[in-house]
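According to Swiss-Prot:
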{"type": "ACT_SITE", "residues": "His158", "note": "active site, proton donor/acceptor"}
{"type": "ACT_SITE", "residues": "Lys162", "note": "active site, proton donor"}
{"type": "BINDING", "residues": "Gly11, Ala12, Ser13, Gly14, Arg15, Met16, Glu37, Gly101, Thr102, Thr103, Ala125, Gly126, Asn127, Met128", "note": "NAD(+) binding site"}
{"type": "BINDING", "residues": "Arg38", "note": "NADP(+) binding site"}
{"type": "BINDING", "residues": "His159, Gly168, Thr169", "note": "(S)-2,3,4,5-tetrahydrodipicolinate binding site"}
Amino acid sequence: MSDLPGIVVTGASGRMGQMLMKTVLASGKARLVGAVERPGSDWVGRDAGAAMGGAAVGVTVTDDPLAAFAQAQAVIDFTAPEATVQFAELAAQARAVHVIGTTGLEPAHLERLAWAAHHAVIVRAGNMSLGVNLLTRLTQKVAEALDEDWDIEVVEAHHRMKVDAPSGTALMLGEAAARGRGVDLAQARVSGRDGITGPRAPGSIGFSAIRGGDIVGEHDVIFAAAGERITLRHVATDRAIFARGALKAALWGQDRRPGQYDMMDVLGL
């Protein structure tokens with residue numbers, strides 16, 4: 001068992017953090033060696049398993065990420081942008097693979113991740129599921145095949161607690177559509193519409209976001225032309241798909257050269 005890669009989960013008390021820890025513990029492919037929470041969290045100092053309402057697992061939740069990362073081969077991180085860039089720098093110091101599922105990252109955050117990737121492996125994706133990554137590849141292929149007579153819209157739905165929009169997955173799909181079209185998403189993107197907007201701009205890629213209830217994640221990519229429409233859709237019903245994908249990425253990253261990778265690399269797509 002000690003030969004299995006050691007994994008640290010950040011944001012341990014969150015829904016994804018707990019799902020990630022449970023997935024690692026049940027996998028038989030890795031060991032949970034650390035759980036990180038913010039200073040002041042009532043989880044700090046408790047056994048991670050007991051804090052989740054189960055049996056003790058021998059891992060104490062800590063607010064010292066570097067100490068945790070130093071004993072790990074990989075860090076899985078679904079937290080917030082500012083925390084993620086700090087974790088990236090610490091994971092690079094520890095030479096641990098850093099798997100990032102955090103969304104809402106801005107250009108300044110990405111610059112700091114690029115620095116960290118000179119020293120360690122970073123696997124970052126807006127979505128870790130196999131299905132969504134296949135959808136991303138399909139979106140690019142369809143966008144390549146269709147001309148600008150086909151309008152492209154990305155519609156996503158998530159639970160009421162999600163704080164960023166459009167989702168990281170929606171942006172990933174939009175980037176795929178833009179690549180297929182040979183355009184810059186920053187120039188083509190239209191996010192939401194309200195009031196008198198005028199006719200749709202040719203070649204634009206639209207985004208719409210829905211927030212409500214406990215929706216895990218739904219994404220539609222719509223290609224609409226006069227008289228016909230194609231919809232590519234992915235529906236997530238269980239967060240475990242993201243946790244399984246993240247663990248797969250953490251294992252894949254072992255012994256890779258430092259650099260930035262994504263789930264397409266992990267899945268060989």
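Note that Cβ sites are derived from N, Cα and C of the backbone, with glycine treated the same way.
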* Structure fact -> Gly168 ((S)-2,3,4,5-tetrahydrodipicolinate binding site) and Glu37 (NAD(+) binding site), compared by Cα position, are separated in whole Å by 23
* Asked: Would you say which of the binding-site residues Arg38, His159 has the most Cβ atoms within 10 Å of its own Cβ?
  -> Arg38
* **Rounded to the nearest Å - Cα separation of Ser13 (NAD(+) binding site) and Arg38 (NADP(+) binding site)** => 10
* Can you grab the distance from Lys162 (active site, proton donor) over to Thr102 (NAD(+) binding site)? Cα atoms, rounded to a whole Å. => 12
* Hey, which of the binding-site residues Arg15, Glu37, Thr102, Asn127, Thr169 is the loneliest by Cβ count within 10 Å? -> Arg15
* Taking each of the binding-site residues Gly11, Gly168 in turn and counting other Cβ atoms within 10 Å of its Cβ, which one has the fewest? -> Gly168
* Distance between Asn127 (NAD(+) binding site) and Arg38 (NADP(+) binding site) at the Cα atoms, whole Å? -> 24
